[in-house]
Every structure is written in C-alpha cells, then in structure tokens.
C-alpha cells in the first residue's frame, strides 16, 4: 500500500465485515388485510381505522423509517396496512421497464416498505430505496452515454500519446495477452467496468456512506452469485450500495467478477432473478413483483454458439424465476411488461422500454390501488421523508482529503500511479476531479478498472483510496494490425503488423516494444521506452528499425520503373509527454539508405548513404477517432538535419501535417493540410485516395510537397439501420503538388493538381473500410478500396 499525505496525520482504516447467505424461505402465511368489500360493518370499521392511522402518521411521518423486518412489520401494523415489498428482476436493458412501474406506484401513492432486486433490478430498486424518485431515475437512464459505458477503452482524447500513435498503425485495441509464465491468458471480461464503476459511484455517492443497506430510506437487498461456491449471496450488510449493484449485475464473461470480502461475485440472476423470498424475510406481507427476464429462445433461434450459450444462462434464470413465481400468493401482484420486441442488449431503447413498464402497471392499476395510501398528503409527506432520509444529509460533492492511497497492485508501482493521479490535497477536491484522475490511470490500458473509496480521516477529513485492478494476464501482449489498398489497376498493397508490448519492466514503468511488418512495405523494429522516474513525463527511448519500401518512377504519367529503398536507423531520443495532448522529442542517431532497381530499365540507383542526424518533433492529437474523426485536432511537426560524412555540410528535412474536423449534427467537415521541404530529392510522394484522388499511388515524388483537402461527410447509419457500426457517405476536394525543386522536366514540374472524389466508409470492428472513386484533373479517374487509416 502506498499513500500520500500533506499534513503528516495518520488516517484511520475502514472496517470490513461479512456478507449474509440466505436460503429461500417457504411461503409465509400473512394476515388478511383485504376483507370482503361487501361487508358494510367491516367497511365502516376500516374507514375508522384508516382515519385514526392518518392522524398517527401525520405525527410520525418525519421519524426515521423502519429498518429491520420486525420494525417494518411493526410500523405497518401500527398503520393497519400490509407491508409492501417491491421485487424487481434482472433482464439487462429490459429492466428499464421497472422505472415505468415506479411511475405508476408514485401516481397511486403506494408506500413501499422493502425493496429487493437482481442485476438491473438492483440498480433501479437500489436507486429508489436510496431516495431517488421515478422521474429522477428515468432522467438518469435516458441521459447515459451507452457507447462510452460499454467502450473497450477510454475515449481517445483521454489516452496517453503512445496508444494514440498506435491507432495510426491500425493496431487492434486488444490483443493476445501473456502471463508471467509466458502462457496465453484469456481476459476475465469483454467490457471493462471502469465507466460503469464511475457511474455507480457518482449516482450512489450520497448513499455509499451507508454500509448496511437496511438503513437506506427503504430497506434494500440485492442478490449476487458466489462464482466459487455457487451459493446465493444477499448483498445487504457491510457493503456499499454501489458495490452491491455492481456485483449483482456482473454478467459472467461480460463484466469481470467483483470481489467483496474475499468472495468472487457475479450476476445474481443465475440463482435468484426475482428475489421474492428475500422480500418476505425483510418483512413484506404483499409483493409487487416485476418480471422482465429474457424468455427462452425458440428452437429455430438456436443457430449458433452465441445463442446456445445465451440459452444456457436463460435456462438457469428461468428455473429460479419459476420457483419465485410459485411463491407468490393471491394477494401478491405480478407485473410482466410486454417486451417481446426488446432484448437485454437494447440499451439505447430505454424510453420505449420504460413506456412498456408503465403500460403493464396500468393493466393492474385496480389491484395496485388497493395498496395506495388513503390520504395523498400523507403519502407525499412519507415520500419526502424517503427522499430526504439519506440523500441530502450525506451528499458530498467536495472533499477535504488528508491522504491519497493506492492499494492492491502486484506489478505496477503505486508511486507512479500516485504521480499520475496528481490530486492536490492542499485544497478541496471535487468528485469530478477524482473521476477524471481515475479515468486518467485507466486510460493507460493496463487496468480493467480504477475504483476508489473514501475512509474516515483525522479531524473530519477523508482518506481517498484508489484500487486499480490490474488486468489478469499481466503486462505482455501481442497486438495485430495491418492495411489493404488497391486501385484495381496496378497497385495492390497488403501489410500485416505484429506488435509485442512488454510493460512495467522496472519500477519506473519501462516498456519494450517490438514490431514486425510483412507485405509490400516491410519493417522490423525495437524500441525501449523509459520514463525518467515513477510516473514522470520525461522519457528516453532508444530504438532501431530496418525497412524496405518500394516506389515507382513515372514518365509522362506512366510507371517506367520500380525501385526499393532499404533503410536502417538507430537513434536515441529525449522527450516530454504533454499531458494527454501528445509529446515533444529531440533525438540523435545514425542511418543508412540504399535505392536499387527491381523492375524497369531506367537506372537511378544510388550508392548507399550513411550519415548521422539529429531530429526534433512535436505531436498534438485530440481527435476523438482516427477512423472518422468528428472533433478535436491533430498537428504534427518534424524536422531532421542530416550531416554529410565527407564534409561540413548538412541537409534539412521539414514536414508538417494538420487535421481539423468540425461537426454539426450528423455532418462533418474535415480540413487537412500537409507541407514538406527537403534538401534530399524525392523524399515525399503524392497520389492515390485523398491525396489527389484518381491518380495512382505515389504518382508524384519530390523534395517539396504541398497538399490541402476538404472532406464533407454525413453519418448515414440512421438511414440504413446499421446499428452500432457507423456508415459515412462523403465527398472530397483536394489540391496539391510534389516536385524536385532543383530538377528540370516532369520531376521538377511545379504545377498544382486538383482532384475530387466520393466515398462510402464503414467504421467496422476491424477498422475503417472505404470504397472511393475520384478524378484528378488532366490525369484521369480512379477507383479505390482500402482497409486502414488514411492519415
């Protein structure tokens, strides 16, 4: 454990307790709170009792709410009404229907005495038990950015620059992971839980100071499954509301299991998806049960391994739900919304699913009305007490932090994490700042989540404890990338890239990266990246690279020869990471290059050139995507000085690139430009898609290059119903030239060339795919297909 404190005081430790195991209880005999309504004397007696209860409630509605089962029953008996338990099932996105049911419950003025839930039911039920209203829960659900919640990594603008650079190589976000023993390891989840953890932390923050969920505004219990023992676990004692929700909805394989008090917990739906018996144990006489579980698939729907695996989970869930339904008595109310049109993954259809829940509750409105409070004013007073019991009194958006600690790491250096968190404890710290610090560490890619909690500190302060969860496989991985380009004429390029990354080689966070690229452009290289201290922004990075790159020689628009450049480069750089923007770096090294002819008769072969060099570069990159950017910018500047080995002379090479997208609605305009100047001939090349579309790849080469382009595109996914994959329809206009300024003839021609093009692009799971056609004036037409990034 590592900590950082500014006042020298020692923080106190938080307490750990236990979880409770519960067995299903038999259906309990309940008092009859619904006598025959045709019995006139009984009606009069009931009215008298309710009138007296109203006066009693008016005097006690602001007192603490009942917590234990005995207290719950005693309160209900005093008010001469049944204890009402709200039971909300799991069902993924289908669970949004619970919010619509809550709308009707509030409309009718029904007092809820206990709440139980599983998975999504635990999220909605826990929020209601903590004091949220149905309207507030609906607003939260409708306001969630589900793309961000379920993303495999942090938003690109939050990534460190090394991961941003990988994007341009079309490397996969995840790869083949290796453990310390060198064996391939599988991840413990498909979706990282960082955004979900932060979301739950934020929304349940006021209630997370309560570690006994029976002490919420309404006593609450969530269900999880012990993945080791297979036992049903009630999350209620010695656990925060946020952690209870997180464990209860941890669907195996989708989200990583949650460890609470040394127990590995997953989704409770496997054993008790509709926790009726728990509500009875907590004191409920009458149950309002809402079942939104996914029904079993039909035989014709079981056509692949995914649906078969889903059916296996559904079978387990269906069996325990049947038992819960059998526990319901004639006085209990079962609400089953019509959700046949929705799956558990339809997160973006929350508004329609909420409406289905509301409609389903309306169908049993007459039965629900029997549970309504007889006096609306009394219910409003009770509801205000419910909403105020926890939320306002424990709400802390600003924290006085005495110490920041990092716990639970096995490989990474806690001191490096503390430096990266960069939390200033000399002043009050907001929740937003803490969330941003958590995301900063998670964005490094080495952790599945970076949870945090608060512990009591000295003199009213708090201790902030971060618990980064290191990815199980470790810090060694192989990632795969590549590209494919063709103009359906002469140029067909395919490359495959393998990158091995080995991180945390020492306490300062060193990383060794090896890359091998096969195909038309071949490359092999190794780089050692060494921060100059734990979490330091300064770094050194010695590297070596060997590459082979072919290029064509043109005459009057026709390729007359093909050559290849073989280059070897060794260098060492000193750099500085600029927050999450990019980096600045200077380097010194030595390179050798030789050009040889492979096809054709024109002999432009040159002797091998060997020379030392120095270089400087700056990269600033805030683009939200390199596939189809919609916001941010990218600016890259490079300069190199090559020294003559046989004299005091030198040659300079400069290059600058800029990309700026501007988006309005579904329309995006991307402005880009490129400038380059060199004392070495034919360093730059121009031609192909988006670089004078319609011309062959590498049509022009030169010591100087200027290129400007404008792309206008529209996201047409809404037209096509493309689901999660975005599809773009766009057009481009380009103007540019490349020439050797010290040569005559075609090679030295400084004329500007203009081109237009149109394209369709798909942001696929393997990277961007483009089909493009265009024309370069005075050159001709061209059609292109490519997979990979064009930046």
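Using N, Cα and C of the backbone, Cβ positions are placed for all residues, glycine too.
Annotated domain 'PNPLA' per TrEMBL: 86-280, in sequence order.
Sequence-remote contacts of a segment are chain residues at least 6 beyond its ends whose Cβ falls under 8 Å from one of its Cβ atoms, and for the motif 'GXGXXG' (90-95) they are 117-124, 248-249, 251, 267-269, 273, 292-294, 317, 337, 339, 342-347, 349-350, 353. The feature motif 'GXGXXG' is assigned by TrEMBL to 90-95.
What TrEMBL lists as motif 'GXSXG' is 117-121. Within its own chain, the motif 'GXSXG' (117-121) has Cβ neighbours under 8 Å at 87-96, 98, 220, 222-223, 248-249, 251, 267-269, 272-275, 290, 292, counting only residues six or more beyond its boundaries.
Residue 119 (active site, nucleophile) carries neither a helix nor a strand DSSP state and counts as coil. The active site, nucleophile annotation in TrEMBL covers 119.
According to TrEMBL, the active site, proton acceptor annotation covers 267. Cβ contacts within 10 Å of residue 267 (active site, proton acceptor), excluding its own Cβ and spanning all protein chains shown: 28.
Listed in sequence order, the residues of the same chain lying 6 or more apart from residue 119 (active site, nucleophile) and placing their CB within less than 8 Å of its CB are 89, 90, 91, 92, 95, 248, 249, 251, 267, 268, 269, 273. In terms of DSSP secondary structure, the motif 'GXGXXG' (90-95) contains 4 helix, 0 strand, 2 coil.
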